[in-house]
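Scroll down for the structure; my scribbles are underneath it.
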Amino acid sequence: MFFGGTLAGTLIGGTLAAEIFYPATLAAGAALALAGLVPARYLPDAREPRRAAVSLRPLFSNPRFLALVLLAAIPSRLVIGAFLYYLVPLHLHDHGFPANRIGWVLMVYGLVLVLLATPIARQIDRRNRPFTFTLLGLLGSALAMALIPLGGGGFAVAVAAVATLGLAQALGMAPQVTLLFRATEREMAQAGRARL
């Protein structure tokens, strides 16, 4: 579902912005979000009984957990938000590309993930080296961000950077979950996996 939204959302949003301009596009997005509340109102209440709060102190005193979160998980998400969805569109806009073409470029990220995430995750599981693949993903993300300034900018370089970022995220995201489970085995045994 996320990948489908990434593919369709960036393309549709870019096309709408080019045709009806940004304020109307944002208003259409807000209307869709509000429309989603209507069916949500009629969903059955499936809340679990309230449980006692779990202390997060053991997690924050776990150096492996902190290293994973601060050096891999947060930087990976920042790259997506800051580079992919902010800097790349600004770069392309500065080069005179219309919003619909910018949407096409951003769609490359989701397309690469759709095509490669599952096969790469299977290979990662077979090799059982999550740290190596997390590191490769982080290095690939750094390469993706370096491509635009090193490649001189422009449309083709932006497409290559976005595709490289998609590959890097496909390499680095799945093994982070494995590393998380390994780093927090003791905490999950005490509090339960679902609660942490």
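Cβ atoms are placed via backbone N, Cα and C, with glycine included.
Per TrEMBL, the features are:
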- 27-44: transmembrane segment (TRANSMEM)
- 65-87: transmembrane segment (TRANSMEM)
- 102-121: transmembrane segment (TRANSMEM)
- 133-151: transmembrane segment (TRANSMEM)
- 157-181: transmembrane segment (TRANSMEM)
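Beyond the transmembrane segment (102-121), the same-chain residues lying 6 or more positions past its ends with a Cβ under 8 Å from any Cβ of the stretch are 3, 6-7, 10-15, 17, 84-85, 88-89, 92-93, 155, 158-159, 162-163, 165-167, 169-171, 173-174. Distant neighbours of the transmembrane segment (65-87): 59, 106, 109, 134, 137-138, 141, 144-145, 162, 165, 169, 172-173, 176, 179-180, 183-184, 187; these residues of the same chain sit at least 6 beyond its ends, with a Cβ under 8 Å from one of its Cβ atoms.
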